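Down below is the structure, laid out as structure tokens.
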């Protein structure tokens, strides 16, 4: 090697630290095979001493290590174990090992600057007993020239890929095995180990939150819950390396990589591309040039592998894509994780627990002054861990969110925030609890600017936000409601106490007392939208209930808007004003028809509408206001299989779709994937005429037996969020 290149490789000097930062799992240092103690005498021959001939890792999926450590599903040839639990290796020497005269030890190294005090250089001597949760090795079996070792790793050790050396002591120096990547060992978090910070005591939950490689995303809206499958694919080829690369990308010191709190915090920043060129670029504006529309993805593996190879943000994602990829990352490293959906999620720009909607004189929402928004739904993740940095009682599920909404300590990231702390209003505990508290607890306040410039509160809705928080059931595909993990019963004494606690800890809450807000209490107004399929007409109904003995007239304004699922309006497609006569002690219903021709040309991916209804009671001048999101039914894909479904044998999968729209679909992309059955496949179709059916047949060879899931998506400019799925039972050969 010439001198110049040698100089370039040297890291720049830094006056603050003797060694440069050690934040790459990928980089290595040179380890000498002969480390001499001084001058080596002439006649020294290393072959005279105990010498390592071979090291067996027992790393096949059916062998003891991967079976006992629940890592047999990883499509990876190297040894993968979980920390704080013993594993076996065998060392073959050139002659029988004699404990009286021979001395050897093991060395595990990670990164380019291994140091013992940082946990990046771990020498392990052979002992008589293994202490649980501490590094150690003991001989369990001796035969001829071989010994079998049981090795225990620390329950707090760094998570990543370690290099293994066997060192033998001679009178003149240390002899080491040469660098052999086949003995590299991945060490992961261990939810099965009581001393691990991510220990989870329920086997069914561990199977779901760590080992299940498919899941369900709940979307749509509160009145029309939709679900779709998502392939996490945490065991697929190269995914583990891609997840370790994310920590290198985030420049997390290796010594901090045993701490799930730190890993979650940096991962929530690196999952999105804002400010650090992270994994996924978000796009919420319905234009997805030079990228894949968020709704087209069927799982995380394609995204992570593309990022791992290109090192550039993958385009494009929205909240469920960020959450899906984050879930893969967490489960892959062994941190129990689940994907959460919060329906009617507040995005409160100034964290005052109040979403301000400004109305103009007609009672219409003024989009120029209204900055806050209610997302139809928002997905984030929960990760399971202890929180030794917080008082007792705040461990367990922690909110982490990779979707870039607001900055936290200068970067787009969110969490981990204790769910328990959010429920009880203890939002002073790190990280980002006030923001999450506002997402599930804000009030909606309708304000009107009076002629003299003051703001008049017209209406307050305290129950709209965070009405329903859900996740997938354990062991089944159903929906599990977890709203009460986040908040007490609406209107209960505990709920008020939690709110007062949150306010005491600095969540801003503007008081509405003392202002001139006196609502119209003797008239109720309700709004209902008929369930409708994309492309058809439907009706909406406004119902008034007059509970007084007075006759009232209400000037009613209905505004229908096409919105992004984030609640941001694209345009108003329907305006309708009418006068309603309200007889004493009676209900009156008014229907308004919405024609498909009014909405089809402007429809966005998720077929979401948002209706505002405001009614002024003419006799009192008071205003009633309500808002509701509604989602159209989108047709789905049909998946069928033919022939025997046996691991290692070819099978055939067919995807079918019938175009329901009164127009030809152009440039249609189909995607199909199923972890353990087939790698993601894509197919483009130029056109699908109206009412015609498309059929796509694919041949594949499944490699994993058991119950697997096939997931498909269809995408084109006129139609997105078209999904299909099928459970398939793959037999053993």
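Each residue, glycine too, has its Cβ placed from N, Cα and C.
Feature annotation from TrEMBL assigns active site to 319 (among others). The Cβ of residue 319 (active site) has 27 other Cβ atoms within 10 Å, all protein chains considered.
Its own atom aside, the Cβ of residue 378 (active site) has 28 Cβ atoms within 10 angstroms in the protein chains shown. Under the heading active site, TrEMBL lists 378 (among others).
Residues or ranges marked as active site in TrEMBL: 401 (among others). Other Cβ atoms within 10 Å of the Cβ of residue 401 (active site), summed over all protein chains shown, number 30.
Here the Cβ of residue 441 (Ca(2+) binding site) has 23 other Cβ atoms within 10 Å, regardless of which shown protein chain they belong to. Feature annotation from TrEMBL assigns Ca(2+) binding site to 441, 443, 490, 495.
The domain 'Transglutaminase-like' annotation in TrEMBL covers 311-404.
The feature region 'Disordered' is assigned by TrEMBL to 1-30.
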Environment of 441, 443, 490, 495, the listed Ca(2+) site - residues of the same chain whose CB lies within 8 A of the CB centroid: 462, 463, 465, 466, 487, 491, 499
Distance from residue 378 (active site) back to residue 441 (Ca(2+) binding site), taken between C-alpha atoms, in Å: 14
The domain 'Transglutaminase-like' (311-404) - residue tally per DSSP class, helix then strand then coil: 15 helix, 41 strand, 38 coil
All-chain count of other Cβ atoms within 10 Å of residue 495 (Ca(2+) binding site): 16
Residue among the binding-site residues 443, 490 whose Cβ has the most other Cβ atoms within 10 Å: 443
Cα-nearest neighbour of residue 401 (active site) within the listed recorded positions, 319, 443, 490: 319
Alpha-carbon distance [residue 490 (Ca(2+) binding site); residue 319 (active site)] in Å: 27
Rounded distance in angstrom between the Cα atoms of residue 378 (active site) and residue 443 (Ca(2+) binding site): 17
